[in-house]
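Notes for the one structure printed next.
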Amino acid sequence: MPDNTMVSTTMISTTSIGTTTASTALVFDSGDNAFMMISTALVLMMTPALAFFYGGLVHTKNILNQLFLSFVCMGIVFTQWVLIGFTFAFGPPVSRGFGSFGDAVLRFGSRMDPFYSPTYPLLTYAAYQGTFAIITAAIISGSIVGRMKLIPYMIFIFLWTTGCYDALAHWVWSENGWLKHLGTLDFAGGTVVHISSGVSGFVASLILGKRIDYKPHESIANNLPFTVLGCCLLWVGWIGFNAGSANAASALASLALVNTNAAAAAALITWVVIDALRGQITVSGACVSPVIGLVAITPAAGFVQPGWALLFGIIPTTIIYFMVLYKHHMKFDDTLDVAIIHGCGGIIGAFMTGLFSELNQNPSGGADGAFYGRPVQLWYQIAGILTTIGFASACTAGLLLPLKYTIGIRLSPEEELRGLDCSAHGEKWEITNKSRQATTSTVTSGNTSERLPFSDKNGSTSDKRSSRSRSNNKRRSVVRLRSDISRSRYNATRVRPQQQSQPQRNNQQLNVKDLPLPV
């Protein structure tokens with residue numbers, strides 16, 4: 001080991017409820033700790049990246065609200081994670097289905113854990129897993145854009161993370177989780193993160209109902225540069241998402257890193273090629289496609305060869321492309337296609353993991369799939385998929401329906417048409433035509449006639465009035481200019497005979513022959 005690597009030996013006692021095992025020596029590796037902390041930062045960055053990704057795709061009247069719905073999860077979920085979330089998911093287990101309060105408020109100090117963090121402090125692992133919980137909750141917000149009240153949304157996020165996410169994380173990733181012991185493979189969150197959030201977003205959109213101004217054939221994207229920025233940052237952050245799940249700076253992390261980029265790249269090329277064959281390459285589609293590949297490879301990033309990772313980008317992207325193309329036939333309003341991209345992408349990726357996984361790629365935690373002589377792995381993957389779909393659906397409905405019939409979760413039609421930026425936040429974000437600059441202004445309370453609701457996708461009634469006034473001003477300017485020109489011409493015809501001198505008149509009578517030839 002290099003001389004500049006700090007190595008120390010710590011004697012710990014691994015304990016479980018009612019049982020104490022022998023002391024085990026664990027070696028602290030500063031390289032692994034640094035790698036996991038960097039991965040934690042990358043995954044945390046994915047939540048504001050998701051906010052930008054979503055923010056560019058929503059209506060201008062809801063852009064600030066969508067940014068808020070994403071990044072507020074960084075406060076709600078991590079607070080929950082420190083208090084009870086981590087111990088429910090990874091604390092001393094009561095059974096294969098539930099954690100305990102044993103590690104509540106992360107009161108385990110700097111100890112290491114032989115299963116979760118054998119070479120670095122358990123606190124680092126807790127922070128890393130906390131960032132997964134944050135972005136999982138934030139993904140759901142894409143399904144409910146523009147029609148859910150803020151307070152019920154924040155209550156739902158806290159309760160959903162506690163009741164749904166923590167339990168799924170325990171079942172799939174915990175030392176004694178029942179899906180883990182069954183044989184379900186999920187390297188970095190295909191079931192725990194993407195299927196659960198996609199299914200929950202779908203159920204939430206059904207319970208909330210369609211938007212008042214919902215038009216299935218119409219795009220409401222307002223700022224595609226935001227979406228491009230968010231997509232690029234998500235791609236970079238996903239390296240920490242998948243490679244960090246190797247739990248050490250190891251060869252397995254390198255495999256996950258390469259597979260992550262291979263799937264995203266293949267997905268991007270696939271979408272662009274299909275778009276080109278149909279006649280037009282869309283920027284919004286090109287931004288969505290890498291996310292599809294990244295979602296699909298997430299459960300398999302540490303179990304498959306890089307060659308198979310290309311298929312994890314090509315196959316799901318092809319399927320989801322046509323699902324998005326014909327989504328107007330579906331009878332629900334999932335605003336940003338969370339159910340299709342994350343839910344279906346996670347399902348396809350988890351299923352393909354049962355086909356292409358290979359024990360040689362990950363001897364300590366992998367298994368051979370159907371293409372390597374072990375078709376039973378497909379059943380284990382299907383069991384994990386169905387369990388996640390059923391449990392996430394039940395949790396989401398069980399939380400939203402009581403909120404719906406008690407405090408209410410849906411905005412009034414007037415507030416929804418005005419947009420949450422104005423009605424919920426008292427602010428709005430817009431690009432002014434005069435200065436071509438993005439501005440944020442505060443909406444002050446006053447006469448309701450001055451704050452009319454938005455009437456269509458292009459903005460508010462006040463925006464229409466301002467555009468009419470600008471066009472009228474332009475007409476007046478043109479009329480005034482024409483009048484000035486006519487007046488000047490009339491004056492010129494009156495002045496010219498008086499000012500014209502006799503020599504000039506004589507010059508006008510010169511013979512044409514006396515004029516110089518043109519050069």
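Cβ atoms are placed via backbone N, Cα and C, with glycine included.
Sequence-distant contacts of the transmembrane segment (34-55) (same chain, at least 6 residues past either end, Cβ-Cβ under 8 Å): 63, 66-67, 69-71, 73-74, 117, 120, 124-125, 127-128, 131-132, 134-135, 138-139, 141-142, 145, 223, 226-227, 229-231, 233-234, 236-241, 243-244, 247-249, 253, 287, 291, 336. Positions annotated as transmembrane segment by TrEMBL: 34-55 (among others).
The domain 'Ammonium transporter AmtB-like' annotation in TrEMBL covers 34-428.
The annotation transmembrane segment is assigned in TrEMBL to 67-90 (among others).
Marked as transmembrane segment by TrEMBL: 122-146 (among others). Counting only same-chain residues 6+ beyond the ends of the transmembrane segment (122-146), those with a CB under 8 A from a CB of the stretch are 33, 36-37, 39-40, 43-44, 46-47, 50-51, 54, 58-59, 61-62, 65-66, 69-71, 73-74, 76-78, 80-82, 85-86, 89-90, 106, 108-113, 116, 153, 157, 160-161, 165-166, 169, 189, 192-194, 196-198, 200-202, 204-205, 208, 211, 241, 244, 247, 334-339, 342, 416, 419-420.
According to TrEMBL, the transmembrane segment annotation covers 153-173 (among others). Panel annotation: around the transmembrane segment (153-173), residues 69, 72-73, 76-77, 80-81, 84-85, 88-90, 93, 96-99, 129, 132-133, 136-137, 140-141, 144, 179-180, 184, 186, 191-192, 196, 200, 384, 387-388, 391-392, 395-396, 398-400, 403, 409 of the same chain, lying at least six beyond its termini, place a Cβ under 8 Å from a Cβ of the stretch.
As annotated by TrEMBL, transmembrane segment applies to 185-208 (among others).
The transmembrane segment feature in TrEMBL is assigned to 220-241 (among others).
TrEMBL lists 253-274 (among others) with the feature transmembrane segment.
Marked as transmembrane segment by TrEMBL: 281-301 (among others).
The transmembrane segment annotation in TrEMBL covers 307-326 (among others).
Cβ atoms under 8 Å from those of the transmembrane segment (338-357) belong to residues 139-140, 142-143, 185-187, 190-191, 193-195, 197-199, 201-202, 205, 288, 291-292, 295-300, 303-305, 308, 311-312, 315-316, 319-320, 323-324, 327, 366-372, 377-382, 384-385, 389 of the same chain, restricted to positions at least 6 beyond its ends. The transmembrane segment feature in TrEMBL is assigned to 338-357 (among others).
What TrEMBL lists as transmembrane segment is 377-401 (among others).
The region 'Disordered' feature in TrEMBL is assigned to 433-519.
Here TrEMBL flags 434-450 as compositional bias 'Polar residues'.
Taken from TrEMBL, the feature compositional bias 'Basic residues' covers 467-479.
The compositional bias 'Low complexity' annotation in TrEMBL covers 496-509.
Cβ atoms under 8 Å from those of the transmembrane segment (377-401) belong to residues 156, 159-160, 163-164, 167-168, 171-172, 179, 182-186, 191-192, 195-197, 199-200, 203-204, 207-208, 347, 350-351, 353-355, 357, 367-370, 409 of the same chain, restricted to positions at least 6 beyond its ends. For the transmembrane segment (253-274), the most Cβ-contacting stretch among 185-208, 220-241, 281-301, 307-326 is 281-301 (pairs under 8 Å).
Long-range contacts of the transmembrane segment (281-301) within its own chain (CB-CB distance under 8 A, at least 6 residues past either end) are made by residues 53, 57, 185-191, 193-194, 219, 221, 224, 227-228, 230-231, 234-235, 238, 241-243, 245, 255-256, 259-260, 262-268, 270-272, 275, 308-309, 312-313, 315-317, 320-321, 324, 337, 341-342, 345-346, 348-350, 352-353, 356-357. In the predicted model, residues of the domain 'Ammonium transporter AmtB-like' (34-428) average a pLDDT of 95.
Remote same-chain residues near the transmembrane segment (67-90) are listed as 44, 47-48, 50-52, 54-55, 98-106, 116, 125-126, 129-130, 133-135, 137-138, 141, 144-145, 150, 153-154, 157-158, 161-162, 165-167, 169-170, 173-175, 425 (criterion: CB distance under 8 Å, separation of at least six residues from the stretch ends).
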